[in-house]
Amino acid sequence: MLYVIILIILFLVFLALYLSLRSPKKSTVLITGPCESGKTAMLMMLIHKKLPMTFTSLSPNIEEYQQKVQSSKTFKLIDVPGLEKLRFGFINKEKAATAGVIYVIDSTTFQRNIKDVAEYLYDLMTDETLARSRIPFLIVCNKVDLPGAKRMDVIEEHLEMELTTLSRTKAEGLVSLEGHKETRVPLVKKANEKFTFASCNQHPVTFAEISVISEDVGEVRLWLERL
């Protein structure tokens with residue numbers, strides 16, 4: 001009897017070890033969003049506490065971020081290029097190991113780019129891999145101190161309206177990030193239901209206001225510490 005118990009314990013130990021090695025560790029944080037939203041500048045301010053020269057990234061910028069307060073976990077921060085033809089390929093490679101998504105918005109151009117901003121966010125939030133794992137999202141409203149910038153509450157409200165519309169028009173099979181048809185994880189249960197971030201079941205969503213040019217990225221640091 002004792003021999004059988006020992007065998008069972010050994011089996012369970014090896015099974016747990018196998019599953020832990022087989023499952024990818026979720027240690028990646030994707031920093032993404034439309035072009036010119038300030039993703040790269042925010043990353044450089046987070047890690048190096050200085051602003052880079054302004055340029056459009058054509059390849060990912062990767063940095064390590066170590067928590068200071070919680071558990072001293074180390075995350076790989078990946079600044080995904082904003083160009084539409086480039087970003088999906090990089091996201092696909094990393095999404096299985098993703099622990100969180102930081103979605104950066106330019107508050108000064110939000111009104112005229114709202115359709116593109118909302119559709120890209122919709123594609124991310126309904127992606128099956130990210131949604132099934134309930135990956136947390138931080139939606140960062142950047143450049144809030146510049147003239148013409150929309151307030152965070154206004155951006156949140158308008159995004160909810162746009163995502164409600166997208167949920168109704170894209171309720172059936174959609175083109176996935178891989179480029180083939182698949183059924184995405186819907187943001188709402190019923191076609192006529194209004195989407196709100198507060199009631200989102202797929203992802204815990206947090207909003208933050210920052211100004212990279214003023215070196216104010218404290219809310220992003222706080223979110224990373226809690227991740």
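Here the Cβ of each residue, glycine as well, is placed from N, Cα and C on the backbone.
Not measured: the values here are computed from a predicted model.
Counting every protein chain shown, the Cβ of S37 (GTP binding site) has 27 other Cβ atoms within 10 Å. The GTP binding site annotation in TrEMBL covers G33, P34, C35, E36, S37, G38, K39, T40, G82, N142, K143, V144, D145.
The Mg(2+) binding site annotation in TrEMBL covers T40, S57. Neighbour count (other Cβ atoms within 10 Å of the Cβ, all protein chains): 23 for T40 (Mg(2+) binding site).
The 10 Å shell around the Cβ of C35 (GTP binding site) contains 15 further Cβ atoms across the protein chains shown. For the GTP site listed in the record, the two most distant Cα atoms among G33, P34, C35, E36, S37, G38, K39, T40, G82, N142, K143, V144, D145 lie 22 Å apart. Sequence-distant neighbours of D145 (GTP binding site) (same chain, six or more apart, CB under 8 Å from its CB) are S211, I213, S214, listed in sequence order.
The number of other Cβ atoms within 10 Å of the Cβ belonging to G33 (GTP binding site), over all protein chains shown, comes to 27. When secondary structure is read from DSSP and collapsed to three states, D145 (GTP binding site) falls in the coil class.
A gap of 13 Å separates the Cα atoms of K143 (GTP binding site) and T40 (Mg(2+) binding site).
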